[in-house]
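Taken from TrEMBL as is:
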COMPBIAS  59-71  compositional bias 'Low complexity'
TRANSMEM  79-102  transmembrane segment
TRANSMEM  293-309  transmembrane segment
TRANSMEM  315-334  transmembrane segment
BINDING   ASP378, THR380, ASP733, ASP737  Mg(2+) binding site
BINDING   ASP378, LYS379, THR380, GLU448, PHE490, LYS514, ARG543, THR624, GLY625, ASP626, ARG707, LYS713, ASN736, ASP737  ATP binding site
DOMAIN    760-987  domain 'P-type ATPase C-terminal'
TRANSMEM  794-814  transmembrane segment
TRANSMEM  820-842  transmembrane segment
TRANSMEM  872-892  transmembrane segment
TRANSMEM  898-921  transmembrane segment
TRANSMEM  933-954  transmembrane segment
TRANSMEM  960-978  transmembrane segment
Amino acid sequence: MVREPSIALKTIMPFSENRVKQRSSDLEDEAPLIQNRYDDWAEETSSPVSPRRRRNVGTSTSTTNISSSRSPQAKARTISFHASGYIVTYFGPLCFVLLVTIGKEAYDDWKRFKRDQENNSQKYEIMTRNGIKLVPSSKIRVGDLILINKDQRVPADLILLRTTETSGACFIRTDQLDGETDWKLRLAVPYCQKLPSNESLLHIDAEIYADIPHKNIHNFIGNFSKSTPENLTPHIDALNVENTLWMNTVLASGTAIGFVIYTGKETRAVMNTSHPETKVGLLDHEINRLSKILFVVTLLLSLLLIALNGFRGLWYIYLFRFLILFSSIIPIGLRVNLDMGKTVYAYQIMNDDEIPDTIVRTSTIPEELGRIEYLLSDKTGTLTKNEAHIPRATRTAVPTSTIIVGRSRRDMTSRIKDIVLALALCHNVTPVIDSDNVITYQASSPDEVAIVKWTEYVGLTLVFRDINEMHLRTKHGDVLKFQILQIFPFTSESKRMGIIVKDETTEEIFFYEKGADVVMSKIVQYNDWLDEECGNMAREGLRTLVVARKKISADVYNDFTHRYHEAKVSLSDRKVQEQAVINAILENELELLGVTGVEDKLQDGVKTTLELLRNAGLKIWMLTGDKIETATCIAISSKLISSRNQIIHQISKLQSIEAALDELASLQARRDCCLVIDGESLQLYMDHCQFEFIELAVELPVVVACRCSPTQKADITRLIKKYTNKRICCIGDGGNDVSMIQAADVGVGIVGKEGKQASLAADFSVIQFSYLTKLLLWHGRNSYKRSAKLAQFVIHRGLIISVIQAVFSSIFYFAPIALYQGMLIVGYSTVYTMAPVFSLVLDKDVSEDIALQFPELYKELTKGRSLSLKTFFQWLMISVYQGGAIMIMSIVLFEDEFINIVSISFTALILNELLMVAFEINTWHRLMFLSEILTLAIYIVSMIFLPTYFDLLFILTETFVWKVAVITAVSSIPLYIIKFLRRRYAPPSYSKLT
């Protein structure tokens with residue numbers, strides 16, 4: 001009768017007999033995770049589990065007798081027992097992952113620290129009674145007088161006291177504060193500017209009042225008070241934002257002296273430095289859910305093995321051991337792999353020659369580009385170029401020439417002169433003359449520059465301007481001089497700007513004002529043509545601007561100046577009081593001069609891009625501040641509305657909830673129409689019937705929201721996210737789009753005429769709207785598909801080795817014995833498999849041409865089928881099959897050489913993983929091929945340097961080679977056959993196109 005193998009419950013660590021005794025000494029410095037005390041295990045499991053096996057158990061050593069009919073001379077070997085392996089085996093990978101993550105964050109923090117240190121150590125000149133002192137910016141305190149030179153960064157929030165410019169004005173660049181590239185005009189305190197020298201500032205008895213620190217960079221309330229001996233009433237100059245130099249702005253002209261009012265955390269720049277929550281992609285949430293499932297699998301598998309052993313002895317200790325053994329089920333290294341993959345995706349995006357100057361500012365969400373279902377876009381500067389052109393200025397609905405005027409008692413020439421002069425004077429444009437005597441214009445709005453260029457074209461050129469005067473040159477060479485008395489800047493709240501000028505020739509005083517028609521129509525004299533003409537222009541896609549004027553006498557102006565000064569020096573409700581004075585004296589019964597129509601052309605490729613994105617299944621919303629007519633015209637011309645036959649359902653000027661609900665009821669039957677809604681009606685829905693509106697609106701293919709405020713844009717974004725749980729992309733180019741961009745799952749900023757504010761706040765920065773096509777349809781597809789495949793393969797890599805461990809423990813009395821230890825378990829997830837698995841980030845399921853030519857393929861991505869519970873459980877079953885096949889086949893085929901079970905099964909495992917990677921690749925890249933070859937070579941070479949685990953005399957035999965090949969074939973070939981049959985009879989949608 002042939003003896004069955006007698007195998008002790010000890011770690012099966014094969015090695016040659018001449019290394020048996022040195023094994024314990026080699027590792028005596030390595031403390032096992034759980035000390036070897038298993039006498040109780042021997043007693044508690046004394047009843048035989050299998051009639052085929054008999055145990056010989058000792059306290060420190062054991063004898064493993066293996067005999068069979070084929071190998072009767074098999075000798076006993078002494079084996080050191082380490083139940084679950086060494087602690088470095090399990091905590092090493094975790095520490096590595098933590099070190100990589102911590103190192104990456106530490107490096108970013110170190111770079112940030114160095115930048116801060118560099119900024120804080122910059123030297124600035126401070127005026128003192130003892131002369132000029134150089135101090136680092138970190139030592140600047142409130143009350144210091146700082147001398148700022150041209151092109152120097154402002155280190156704190158300052159009040160501009162003096163400037164070397166004789167006009168008392170200077171220009172600053174604010175692109176690092178608000179993203180706007182145009183220069184801003186700043187004014188010195190009038191009293192200080194009139195002092196004879198800079199040193200006089202050190203000897204005046206004055207004080208500055210500044211309001212409490214707040215975030216609004218466009219608002220400041222303060223007073224400059226100077227006590228004079230001869231007057232009991234101090235001299236007071238009102239201070240506003242035009243008298244300030246905010247930190248991080250750059251002086252663009254002259255030299256300035258500023259008084260420090262805020263430093264450090266109280267500065268506008270720091271208070272506006274938002275720390276938005278890190279955006280987490282949908283794929284990361286899905287992987288987190290799968291990780292929770294894997295933890296439950298680990299726990300249940302451990303409990304199952306304990307239960308099958310009858311919960312004998314200190315079963316909770318054994319449970320802990322099993323949890324450690326199966327810890328590879330939870331993919332600790334997945335985060336490192338995904339982060340490195342995202343870095344690769346970001347590099348590919350930023351180095352794509354077809355979308356130059358694209359910047360990835362948030363590298364954690366590139367795969368979100370492949371899951372977008374809603375696109376919310378601004379209009380001006382995003383779909384259009386924001387390069388304004390004025391095709392005509394009009395006063396009547398009958399256009400007959402470049403400038404159209406209405407019926408008037410005065411002759412046409414006089415009316416033309418009035419409207420052109422108004423446009424040439426009512427603005428904030430400053431001419432800059434270069435060395436070649438070429439005039440360029442600086443302004444905060446491209447529309448203003450367009451207007452001034454148009455007046456230059458028709459014969460009235462702006463040649464000089466400072467805070468006190470403006471000079472215009474006629475086409476005959478005559479210079480018209482005007483004194484600037486007051487300026488009322490444009491704000492998003494007022495939607496208009498005004499100026500009071502005095503003609504130095506005639507001594508006449510005029511108040512000119514221009515603004516949006518909705519505002520100006522209420523303050524101009526009665527007329528019967530303004531609304532109609534504005535509507536006509538809007539239908540042609542023009543942005544309208546109404547121009548009006550009012551002649552005021554010297555007495556009226558003096559009265560206005562007195563009352564307005566009192567309002568300006570008020571410290572409470574200053575803006576309200578200022579506006580009340582303006583309304584009472586200036587903004588009533590203005591003479592309507594005309595309406596300008598500003599044309600904004602579409603960006604290149606907008607029509608094609610919108611059509612492709614619509615075919616890709618995206619629902620597109622256009623959110624703009626323009627009128628309904630203008631927005632509708634742009635929507636049609638840009639092909640946002642697919643055809644002129646598509647029904648346009650317009651909702652505007654709703655006043656009651658009943659009317660709002662009636663509109664929704666009529667819209668219910670038009671699910672394929674385009675909805676155009678104004679901001680007032682939209683706010684009514686948001687306030688009173690939010691759910692009913694959004695439920696219907698998200699089903700529409702196109703929505704155009706007009707007269708939207710920045711807050712409304714952000715609210716709409718959040719509402720769609722909350723209601724649909726779909727991925728939303730918002731794209732814009734201006735500061736008014738920042739809130740919307742930050743609220744979106746993916747924010748895209750365009751570097752445009754309005755500056756870089758949107759670009760700096762966005763996750764992705766582009767220079768053209770048309771780049772969105774490749775960003776979503778190609779890079780988004782690749783990022784999502786690759787990350788999904790990489791995640792599932794890393795999970796599979798941990799599952800299969802745990803299944804092998806579970807089968808091994810089940811065969812040997814459900815003992816928590818580690819099959820793979822030391823370098824094997826560490827190398828498995830690093831040098832032996834990492835490179836081939838990570839090379840999946842270079843895979844492509846379709847070519848770029850196919851992805852862009854057939855945008856319908858994008859619809860499949862939004863369904864999330866590449867990583868789902870279905871695919872997860874498919875990979876789980878694959879891991880169970882392959883792990884079980886490798887372990888069982890190793891035992892069956894190598895029963896005579898059972899002492900080499902580690903090298904046998906591990907070799908088959910590595911070969912299986914390399915084959916599985918090869919089976920999953922759709923398009924081979926040279927780095928993929930290289931990673932497979934090098935990894936196989938590294939594994940073969942490592943066998944020589946790891947004699948503890950690999951017996952070279954046995955491995956070099958033909959028996960080892962062909963049996964390992966059979967095991968690998970059994971574990972992998974059936975899966976390839978299944979995959980081949982599935983592709984043959986149930987091919988994916990894209991396979992027919994390749």
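The backbone N, Cα and C atoms fix where each Cβ goes, and this holds for glycine too.
Projection of TrEMBL feature records onto the structure.
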residue	record	CB count, 10 Å
ASP378	Mg(2+) binding site	27
THR380	Mg(2+) binding site	27
PHE490	ATP binding site	18
ARG543	ATP binding site	23
GLY625	ATP binding site	24
ARG707	ATP binding site	21
ASP733	Mg(2+) binding site	33
ASN736	ATP binding site	21
ASP737	Mg(2+) binding site	32
Residue from PHE490, ARG543, GLY625, ARG707 whose C-alpha is spatially nearest that of ASP737 (Mg(2+) binding site), among the binding-site residues: GLY625
Spatially closest candidate among PHE490, ARG543, GLY625, ARG707, the listed binding-site residues, to ASP733 (Mg(2+) binding site) (Cα to Cα): GLY625
Binding-site residues near ASP378 (Mg(2+) binding site) (Cα-Cα within 10 Å), from PHE490, ARG543, GLY625, ARG707: GLY625
Residue pair PHE490 (ATP binding site), THR380 (Mg(2+) binding site) - Cα distance, angstrom, rounded: 18
Of GLY625, ARG707, ASN736, i.e. the binding-site residues, those within 10 Å of THR380 (Mg(2+) binding site) when Cα atoms are compared: GLY625
Taken over the domain 'P-type ATPase C-terminal' (760-987), the model's mean pLDDT: 91
